[in-house]
Amino acid sequence: MTDHTIQDITVPSGQDEAPALDEQVKNSDKEKDKAEKQKEETKVVPFFKLFSFADKWDYILMIVGTIGAVGNGVSMPLMTLIFGDLVNAFGQNQSDLSELVRAVSEVAVKFVYIGIGAAVASYLEITCWMITGERQAARIRSLYLKSILRQDIAFFDQETSTGEVISRMSGDTILIQNAIGEKVGTFIQLLFMFLAGFAVAFVQGWKLTLVMVATIPLLALSGGLMAMMVSKMSGAGQEAYAEAGTTVEQVVSSVRTVLSYTGEIKSVIEYDHAIAKAAKLGINSALASGFGIGFALFVMFASYALAMWYGSILVANHELSGGNVLSVIFAVLTGGGSLGQASPCVQAFASGKAAAYKMFEVIKRKPVIDAYDLSGETLKALKGDIELRNVYFTYPSRPDVPIFKNFNLSVAAGTTVALVGESGSGKSTVVSLVERFYDPNQGQVLVDGVDIKTLQLRWLRRQVGLVSQEPVLFGTSIKENIAYAKDDATDEEVQAAASLANAATFINKMPKGYETKVGERGIQLSGGQKQRIAIARAILKDPKILLLDEATSALDAESECVVQEALEKVMADRTTIVVAHRLTTIRNANLIAVIQRGVVVETGSHDELLSRPDGAYTQLIRLQQVNKQQDADMYNDLDLDVDTAAIGRSLSKGSHGSRRRSLQRKSPHASRRVHDQLGKSGRSEGTDVESGDKENQKRADTSIFRLAKYSKPETPLFLIGSLAALANGTSFPIFGLLLSNIIAVYYITEPKKLRHDANFWSLMYLVLAIGIFIVSPIQFYSFGVIGQNLIRRLRRLTFEKVLGNEVAWFDEDNNGSGSIGARLSTDAAAVKGMIADTLSIVMQNIGNIICGLTIAFIANWQLSLLVLALVPLLGSQGYFQMKMMQGFSNDAKEAYEDASRVANDAISSVRTVSSFCAQERVVALYEEKCEKPLKSGIRQGYLSGTGLAFSNFVLFACYALAFWFGSKLVQQDKASFEDVFKVFFAITMSAFGVSQGASLTPDLSKTKLAVNSIFELLDRKSLIDPYNTSGKTLMPLKGDIELRNISFTYPSRPTIPIFKDLSLTVPAGKNEVLLKAFTENVSC
């Protein structure tokens, strides 16, 4: 007779029905969900609702920041007014040089006063708005996470996912921060710049102002069209690369399968097809940018031509002075330009309002089962009786699929009840109802005769311990993972719990012991190790009720033995519900309940149920026997030729191995999974990779010349693009030359000559506008092709190199699918900045500098030297102005990465967090991780405000000094009135062009890090290279396999030996079974 007491009962694999059926429903409703999501994304909150979470200090900061923004906004229009006085001081006093110096000196003092006012105003604007933006965004992040953790499990089933939550916390909060931070100050500044600019213009000359206003819509339209085209193409390019990113994730996460089937080349070709599409879209985007920028500059310079021409008519008719014309032109362009500069702010507001809608809805949402609700009854002396009475239940995510209909189950205090049944029968649903993850539609779940709906939720969950099939660990230390179960747990309590869970031995063997980091979701540990830590966590909680949801079903037999022993210790004197997978976990249960289709069809002890020959439990036993017999028949034909000495040595290492020896047949897939687990287990921070890898990590050659070699096929395009960039660079110095010439024309006393010369120089402005419109697309297209082809080559070569590495390389922490995907996506794209973007701007700046200095030194070398000495200061002002338009807080997302990991761990393990009532702990840890980037952001606010204030003061002070010195040279007859303006505009316009280019240049320090990352990959020599065609090929291949005297450790944990002098022979055509003893690693 078969001895049922030593059999394992294996219920058809799979977890309870909830996840599987939920997935089916989600797939079937995908299109509907997508449509609803698109509809939802159109919903926005009113702008002022974005400030709902501001406190009184935030309101003070916003008021002060607004005052600063108003002052900063009017400073530039006031400067144009004073600039007109300056031009008149030079032009109207050419016959009286002493009066010229006095008048210019008086105007120079006014420049200094405006500089001081602009410095104070800009400091208050940037500092206050950046600080309040950081403060409010931090508050929103914390409230959102707190509200998310407050929600019931049904919310996560129906309305959100981990990825969506993390995306909102890391991405959407940045959008909200942009909408309530410095962008608000910038928008207010630009608004008052617009109002003050046109006020000055209309006061100085309303006729000329009306003529110039007619050109503004065209200028705004050109900028809007360019932004729309580039945005659309960039979005399409991102979508195209997302396909390539999916390929990378799939291939790298399944790299063992890919390598085993020699699928490297096929994967690389598939990846290359995806990035080719992204490269084409990137080239189109560059061409659109070139046409857009070229057309915008064409419209701007053509507007100058029209204004200069009409201004000459007004001057000839004595309606305006030359200074008035210049004031009107600069005031209108300052005010009108502010409209175009405001578009990023408006876009930020729109993005922030859309991003806030879903987040604010979640923050306001109060769940049916509220984790923070402290109302309800608490029982002074909990016995542990559990009863499910007349329960009807459907999962909220699929209300049409009934799980329980009039379900009844009783569990007496201190007893163990095992639940068995086919997958989808409702076993795990019982666990979810007892934990009160869900409430039944009808009926009651009772504890000690009290409906759990009336009990305080937090108190209830603290009485219940849950150990699931897939143990959930957080990306912290082993000690912190165990301590999740109890606030203020001591080290002694943690260690005692680990000892009872049979985890202390392997923990103490680790290099850092209890401080060892377990990695994301516990990836550094094996399945058995993770499960024992989860059990230790349950022990530390000391629950009255214990729920074991297939706690050993995912483990192999040897791990199950250790884990089961630990579970038996925990189950003593506790009410325990066991969702069973194997008989070893339930044979000693007080009661076994067989569930079929949501109904308990049979109950009794193990022996009682086996006595019923036609019972459901007995049928499950018979099914197991059939599977066992099939395995046994196969084993009868197997040869076992293993080095028995080696096996004997390993068997003698532990008593568990000597007591329990069993043969277990595994599929190749199962073996590979075990190999994966073993390869990852035992890792710890600070472990060194093997010496061969150290040799591979020599510093890569990241010179620009090496990068340029990858762009050698585009050499003709580089020459064409460089010529176009040089020509484009001369535009701003030539603009200054034309401006100084036409200023002099306005002070010609003969009207006919004034009109003639004004017509000529206005025409030259038009010629300059046409030239820029021609060369800009050529420059952008040429370097766009160079950059996109470079990205494509590097991505393909890098991905090919990645797949050429040995499997051990992928086991390292930094070589997961996410890290590799980031390198291919971000690092390869950043490399483009070092060649295409940087060289384009460098060539443009070379043309700019050469042309500007030539014009200036020809006009007057003394004044040129002075202004040249002031160029770094003037350049800093242009740089800070561009940074203000782009935003000073662009690195906020990277700064919050550590905090995002905490949130990611918690949300992806929300059932565990809820079960252990760890919401406050998670929120506190998240806020702690946010504290450093918050302080950094506030410090950045002070620094940015100081930098912009200094640069604004420097701008006006430099103007004052340069023109005062120029007036002295005119008085000494060393320069003419016209020469002063030629020098000033040639160099300052050149500096403006260079600073604009510098602000658009990629961060070379970050770019170099990206280049290092790419070239370290390309230069690495694989220890096992699948592309290496050298070596023997066996023809024909018989199939004999022999492992001879093998000693082995995994490179990721070199201090832990796996094999010592192992020998194994597998004859050709034979199947080999490896005898697994405790601690053995046969999957190697």
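Positions of Cβ are set from backbone N, Cα and C atoms, glycine also.
Annotations in TrEMBL come from automatic prediction, not curation.
Residues or ranges marked as region 'Disordered' in TrEMBL: 1-37 (among others).
The compositional bias 'Basic and acidic residues' annotation in TrEMBL covers 23-37 (among others).
Among the features that TrEMBL reports, transmembrane segment is placed at 59-83 (among others).
Taken from TrEMBL, the feature domain 'ABC transmembrane type-1' covers 63-351 (among others).
Sequence-distant contacts of the transmembrane segment (111-132) (same chain, six or more residues past either end, CB-CB distance under 8 Å): 54, 58, 61-62, 64-65, 67-72, 75, 78-79, 82, 180-186, 188-189, 884, 888-889, 937-938, 940-942, 944-946, 948-950, 952-957, 959-960, 963. Look at TrEMBL and you will find 111-132 (among others) tagged as transmembrane segment.
A Cβ distance under 8 Å defines the sequence-distant neighbours of the transmembrane segment (184-203), meaning residues of its chain 6+ beyond its ends; these are 62, 65-66, 68-70, 72-74, 76-78, 80-81, 125-126, 128-129, 133, 209, 212-213, 327-328, 331-332, 334-336, 338-339, 341-342, 345-346, 349, 884-885. Here TrEMBL flags 184-203 (among others) as transmembrane segment.
Annotation comment: TrEMBL describes 209-230 (among others) as transmembrane segment.
Residues or ranges marked as transmembrane segment by TrEMBL: 286-310 (among others).
Annotated domain 'ABC transporter' per TrEMBL: 386-622, in sequence order.
Feature annotation from TrEMBL assigns region 'Disordered' to 650-697 (among others).
If you look up TrEMBL, you'll see 673-697 (among others) marked as compositional bias 'Basic and acidic residues'.
As annotated by TrEMBL, transmembrane segment applies to 717-748 (among others).
If you look up TrEMBL, you'll see 719-1006 (among others) marked as domain 'ABC transmembrane type-1'.
TrEMBL lists 760-780 (among others) with the feature transmembrane segment.
Marked as transmembrane segment by TrEMBL: 846-875 (among others).
According to TrEMBL, the feature transmembrane segment maps to 942-965 (among others).
Touching of the transmembrane segment (760-780) and the transmembrane segment (59-83) is ruled out by the presence of fewer than three CB pairs under 8 A, sequence neighbours closer than 6 excluded.
Sequence-distant contacts of the transmembrane segment (286-310) (same chain, six or more residues past either end, CB-CB distance under 8 Å): 208, 211-212, 215, 218-219, 222-223, 225-227, 229-230, 233, 325, 328-329, 332-333, 731, 735, 739, 742, 758-759, 761-763, 765-766, 768-770, 772-781, 783-785, 787-788. Here the transmembrane segment (717-748) has long-range neighbours at 87, 91-92, 94, 297, 301, 304, 308, 311-312, 315, 321-322, 325-326, 711, 754, 757-758, 761-762, 764-765, 768, 771-772, 775-776, 778-779, 781-783, 785-786, 839-841, 843-849, 851-852, 855, 977-978, 981-982, 984-990, 992-993, meaning same-chain residues at least 6 beyond its ends whose C-beta is under 8 angstroms from one of its own.
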